[in-house]
């Protein structure tokens, strides 16, 4: 049953013909909202000199990463629905997997870096400009790219050594690495070890840094005697903490729960949360409660009153 595979089948979210038009419309709408929202965040930050700070520098990069992360899977799903085809080429599947690993990992590391930025701003405000200098911010960004590209490339190259069986249906709307390995006819122990290693690197290491940062932030904030001062300090972390809870909560729901607790179909639908919905919500989370962002977006449209809603 072993052969050279030229393509795979992405079964998607539903095989019912009557549901395809609805899925196409819903995901096209969410994809357009995601791209528009994140590009507006990038344009607003780049066009407003007041937002040229470390916090907004990393937010702009997070928005770019979210747009790329969603673009790695949704356009192919939309194209398959439109053409009534489920195929994805072997090379296309590996390329999609590589970009999903890169931008998914980059999302994790950027959230960790943003948590560290909030820790320095709240716990060491007098040293903030020195500790978060432009040179250091650029170095941190480059480090994030290196830490995501190297293991993602290694994992993708290791998959090229795997022989696949004639059965080539993937019960997802994207090339999931675990689902791919289930189709293998050759030994996959190294690939499985790589998945565990990447899981620890992409998920647990950034999460531990985020938790540690917020523990230190909480200790510093609760040491403030004024309730107003405590609320002001916590309010600067609210948007980031909301995104962290949504992102890691959905990731853990997909990858850390025992496989017996949910089917491949439910896993695929849960993956929509962190691959589509959260990148779509991030621009709203970071802008609706942020006066600086609302002012920058208002200037971008030439009418600041649109976004200057009362806090």
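Using N, Cα and C of the backbone, Cβ positions are placed for all residues, glycine too.
Curation plays no part in TrEMBL annotations; they are all automatic predictions.
These features come from TrEMBL:
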type	residues	note
TRANSMEM	22-44	transmembrane segment
DOMAIN	37-286	domain 'G-protein coupled receptors family 1 profile'
TRANSMEM	56-75	transmembrane segment
TRANSMEM	95-116	transmembrane segment
TRANSMEM	136-154	transmembrane segment
TRANSMEM	193-215	transmembrane segment
TRANSMEM	236-258	transmembrane segment
TRANSMEM	270-288	transmembrane segment
Highest Cβ pair tally under 8 Å against the transmembrane segment (193-215), stretches 22-44, 95-116, 136-154, 270-288, lands on 95-116
Between 56-75, 136-154, 270-288, who has the most Cβ pairs under 8 Å to the transmembrane segment (95-116)? 56-75
Give the mean pLDDT for the domain 'G-protein coupled receptors family 1 profile' (37-286) on the 0 to 100 scale. 86
